[in-house]
Amino acid sequence: MHFRTNSKVRPLSNDHHCTNDPSESWRLKTGAESPEAVYIHLKAHNTIRSVPKYAIVTVPKFIRNLLHLALPSFLINLVSNNQHSEHTKVQSRKIASLDGLRGIACLFVFHAHYAYSFSNCLEEAGSDVLQTRIMYQPYISLLWSGISMVNIFFFVSGYVLVGKSLRQSRSNDVTGAFSTISSAVFRRALRLYIPSMAIIMITVLMVHFQLFAAGNTFYWQTHSGNRGPQEAPPPRLGSLLAQILDGLKDCYRMMDNTIPWGRFNIPYELDNNSRPAGIIYDRHLWTIPVEFRCSMLIFMVLITTARLRSHWRMLIHVAFAVNCLFSERFPETLFISGMLFAEIDIISEQWSVESSRTISSGQRCAYSLSTESKPARTIDWRLLTTNRRFRHVTGLTMFILGLFLLSIPPQDTYGYVAYRPALSMVPLYIEEKDDFIRVIGAVMTTWPVATSPIIAPLFCNPVAQYLGQISFALYLVHGAIIKSLWYWLQPSVNNFVSGVPVWEMPSGQFARMWIMGYMIVLPVVLWSADIFWRLIDQRSVSLARWIEERLTRG
């Protein structure tokens with residue numbers, strides 16, 4: 001490049017010659033970030049008479065966008081010195097800790113489905129194996145207990161969905177509460193079903209372009225009852241149009257099971273006369289219609305009780321939760337329990353704020369559990385301190401005991417001596433006694449994460465927060481990647497480790513194979529989830545909000 005100094009322009013100072021790269025010198029002077037910007041700045045100040053075209057390299061915009069898309073969001077934040085997203089900054093500590101818990105739980109769901117790519121680890125194992133191997137022991141088994149993590153999802157959803165409307169109800173802003181619930185009802189279906197239908201149609205395209213071909217071969221060659229991979233990849237149909245139509249049929253089937261008062265948690269993939277038969281592209285999506293109908297249920301309950309006094313509203317919510325628990329409506333139990341404990345925490349927050357104000361002024365504080373009732377008692381600050389310590393110990397105890405109950409195995413439960421006392425308390429008519437106990441464990445585990453200053457920080461670290469951000473996307477994409485990429489690679493990894501079927505491998509060889517595959521599949525799953533989160537999940541939220549604004553604008 002040839003540059004001339006105009007006589008009317010002040011010569012460059014010496015500090016611009018400390019580097020051999022002229023563009024770097026002017027970048028330091030101007031703050032420009034690209035060669036194009038350097039050129040524009042110098043040309044505007046008559047510093048450049050002529051610049052050869054080859055001297056400026058222009059990167060097409062679509063390539064820059066593609067590179068930006070390919071980078072995971074945490075790397076983009078790191079490069080831009082923005083390690084905490086705006087989403088994390090604005091949310092409260094309670095929501096942040098629950099978001100982190102949801103992210104960790106979603107990772108454990110991936111562990112469960114990854115484990116099923118080898119065999120049906122639970123149903124294949126005998127009672128002696130379940131009770132002796134370390135992977136099946138309490139607490140450790142949670143690392144791949146998918147159903148326990150789904151229970152946590154349901155409680156967190158119930159807790160988070162109604163927070164704003166409950167605050168408005170307690171502030172006697174019933175009109176505002178109804179408006180909030182109306183908005184939530186309208187956007188909930190779009191929030192859940194747009195990303196879910198998107199992953200179904202992406203899977204449809206993957207099937208048509210034969211990304212599951214090797215996985216299908218591997219599955220049908222190695223699957224035998226409880227041995228071998230447990231989830232079949234979707235088969236390929238004759239034409240792209242036929243595949244797309246079948247995918248749309250699957251979207252309909254997923255949305256069909258949304259009746260709020262349905263007794264049983266029937267997976268949408270079951271065939272019967274009320275649903276069109278077809279390929280199931282992702283069986284993990286059975287939780288989506290359950291999420292939707294339980295969301296509608298708690299919104300309906302809250303509309304019914306929003307105008308009631310707090311103690312009556314909470315009493316009705318308790319009655320609903322108990323009825324659902326003992327009638328084996330376990331997802332509904334968790335959603336209503338989340339709503340109930342959300343209001344308990346709102347009351348506790350109001351109590352803490354008023355107590356702090358009174359103590360800071362040197363007075364004795366008065367407090368009532370209900371904002372509508374009169375002050376019921378006076379509490380000295382020493383009693384407040386003791387009560388706070390008691391809550392810390394109680395929260396930690398609940399969390400540890402809740403994790404233990406969540407760890408109850410789905411089979412041979414009476415074979416575990418430690419669970420017999422809990423099982424003896426379950427009514428005899430309850431068919432799924434392990435589910436009954438697991439629901440109670442989910443409540444006892446999740447609530448302290450939102451309230452305990454000892455437990456909450458465990459889920460507010462950057463890793464947990466990142467997993468929480470992409471948790472829904474991670475839940476949606478991991479199944480397709482396991483059944484395409486990992487089913488394709490597993491025979492090669494198997495041959496590298498031992499060359500014998502996994503059920504014949506010694507424990508050491510199986511562990512090496514498990515870890516090798518995990519190190520390959522997990523980064524791809526996280527990367528794909530990150531892209532899906534930015535491209536589809538976040539935009540579905542914005543789209544739902546935009547549609548609502550357009551339809552409600554006067």
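Placed from the backbone N, Cα and C atoms, the Cβ positions cover glycine too.
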Range annotated as transmembrane segment in TrEMBL, from 105-123, 314-332, 390-408:
390-408
Tally Cβ pairs under 8 Å between the transmembrane segment (436-460) and each listed stretch (139-162, 390-408, 472-489, 509-529), then give the stretch with the top tally.
390-408
What residues in the same chain, six or more past the boundaries of the transmembrane segment (192-213), come closer than 8 Å to it by Cβ-Cβ distance?
233-237, 240, 243-244, 246-248, 250-251, 254-255, 281-282, 285, 288, 291-292, 295, 472-473, 476-477, 480, 483-484, 487, 532, 536-537, 540, 543-544
Short question: which residues 6 or more past the ends of the transmembrane segment (509-529) have a Cβ under 8 Å from it?
72, 110, 114-115, 117-118, 470, 473-474, 476-478, 481-482, 485-486, 489-490, 493-494, 496-498, 502
Is the transmembrane segment (472-489) packed against any residues at least 6 beyond its ends, judged by a Cβ distance under 8 Å, and which are they?
103, 106-107, 109-110, 113-114, 117, 195-196, 199, 202-203, 206, 211-212, 214-216, 218-219, 229, 231-233, 282-285, 287, 517, 520-521, 524-526, 528-530, 532-533, 536-537
